[in-house]
Amino acid sequence: MCGILAVHGLEKPSQDRARFIAQSKKLRHRGPDWSGCYVGQKSILVHERLAIVGVDLSLYLDTGAQPLVSENGKVILAVNGEIYNHIALRETVGPDVKFKTHSDCEVIIPLYQKHDTDLCNLLDGMFSFVLLDESVTPPRIIAARDPIGITTLYQGWSSQRPGAVFFASELKALVDDCDKIISFPPGHFYDSKTDTTTRYYKPTWWNGDLDGPEATIPDSPANLTLIRETLEAAVRKRLMSEVPYGVLLSGGLDSSLIASIAARETEKVAQAQYELRKKKLQEISSGPPSPSSNGLVTEEATLASWPQLHSFSIGLENSPDLLAARKAAHYLGTVHHEYVFTVQEGLDALPEVIYHLETYDVTTVRASTPMYLLSRKIKAMGVKMVLSGEGSDEILGGYLYFHAAPDARSFHQECVKRVKNLHTADCLRANKSTMAWGLEARVPFLDKAFLEVAMNVDAKEKQFSKGSQQTFDEDGHPKMEKYILRKAFDCAPGGKPFLPKSILWRQKEQFSDGVGYSWIDGMKEQAAEAISDEAFAKRAERWPEDTPDTKEGYFIRQIFDDLFPSKTAAETAVRWIPRGDWGCSSDPSGRSVSIHNAAYAATDE
């Protein structure tokens, strides 16, 4: 991923070059590898690059430095993200197209020239892009965001620059210039030719959250083989990388499954490389000795160069996640790295975390703080890309409060709403807490093909219960949250199960809980000390809209306002709250759901 800033509709863009380069510098943590700027007739595009694909530095033109420019110099492109099917797409644009770089994003230019805005539906990946077409009068700009909003993108307008439209990967690059800012909607594109924003992503399950007859409520049984194979394919395509990569491993179901699949795929690559090197070894051994090795090229040396998957976890001392991740890593054979942080280290980092997140949502801040700390450690090791497990809970109704859904229809509607709002919560967290250090997080569960399969399963097969109401399958496994995903991977292709039973059937933990329950308790205690009863009693006077309902929420909102004083910034934040009308606590912690402790109590008996 990268950072982009684009402004269209300027009177004299060359005079604004220095200003917008300075604003783009606020995004440089997202793209520390290189910066680029293009000034057009009415536009400025600035790009901060994190090199993941197209990193060959032997020749500048062979890299993916941006903004990218078409062969005729008339179409200019700045992209944040990765296009996983770029090789297949290159084959579709015709033999006359000459690519200038190895970038996976360059294919967007000829796709635009061939398909116009219909190109968006052809892309398989995570992306936000701004494309400038100067071959037409007036110049035209297209901006688009991936279907679910894995990448971040904001759009702004300024009363001081009427007619201009702004785009940026993060809010902080716009707040000084814009008095109206929105989070650009996922699955949409903006076209300056019509000055409209249009939804291009229209999956079959999209209307599932509607109340009327237009609602699409699935009734298809779960195809466990298809669920497993589609997720495997989603992980496989996301291993496209020319730099060191790893997996975030909490020891919970989602991250452990992604790590298991990635470990198997990495082993396949390693085996293929080994066979290739073995063949070369045989060729060398049948010929004259190699001067560089005195004729000693050993099979052991070749084996030592096999790629091996690295995994990363974080938590307080002896936290549930650290212990479970250690067990998962040992089983999967990853090179495991764990970071133990203290509550005080987390509290010290809060202002930085909120600055990068650009939200005051309590859930997001709680979960992002350990992820932010871990990302710094990972990047320091030279790793630039990690796989992560976001999205599964929304798709499959995995949050513990889902047990209170009154019926299957309500369960499915809540899943659809949560998936549609991922860009305000888990995707925002995964993107910004990692990209704060120039680390890219890829999320296989949000693959378009996997979504199409999993979101069309009859919600009756996703529903679950706990305690005395819990039921079991024919193998004695509890019909717990995300049962169909667990069951899909409760197999042993090649003789080895994907995961040990203790992890495959481990109860859901919120990430902010799993890193150690003392973390959330510490945040609450800090807020109780910092916010007086008198100040809290007047919270509605200070924030008449979206009023904090806890001192922790007040504390986080206060830090946010100090960092982003404008009302415009606050209007982009969205709070994550469980369904109150299902009798759930407003506290997003999984521990606040009564069945959480009940389940552990039953386990201990």
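Every residue number used here counts from 1 along the chain in the order it is shown.
Here the Cβ of each residue, glycine as well, is placed from N, Cα and C on the backbone.
Residues or ranges marked as active site, for GATase activity by TrEMBL: C2. Per TrEMBL, domain 'Glutamine amidotransferase type-2' is recorded for 2-195. Look at TrEMBL and you will find D104 tagged as L-glutamine binding site. The feature ATP binding site is assigned by TrEMBL to L248, I314, S388, G389. Residues or ranges marked as site 'Important for beta-aspartyl-AMP intermediate formation' in TrEMBL: E390.
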Using only C-alpha positions, which one of D104, L248, I314 is spatially nearest E390 (site 'Important for beta-aspartyl-AMP intermediate formation')? These are the binding-site residues in the record.
L248
For ATP: widest Cα to Cα gap among L248, I314, S388, G389 in Å:
15
Looking only at the domain 'Glutamine amidotransferase type-2' (2-195), report the model's average pLDDT.
93
Rounded to the nearest Å - Cα separation of I314 (ATP binding site) and the residue listed as 'active site, for GATase activity':
25
If one measures from the C-alpha of S388 (ATP binding site) to the C-alpha of the residue listed as 'active site, for GATase activity', what distance in angstrom results, rounded to a whole number?
18
Measuring Cα to Cα, how far is G389 (ATP binding site) from the residue listed as 'active site, for GATase activity' in Å?
21
Rounded inter-Cα distance in Å - D104 (L-glutamine binding site), the residue listed as 'active site, for GATase activity':
13
Could you state the whole-number distance in Å separating the C-alpha atoms of the residue listed as 'active site, for GATase activity' and L248 (ATP binding site)?
20
Packing count at S388 (ATP binding site) (other Cβ atoms within 10 Å of its Cβ):
25
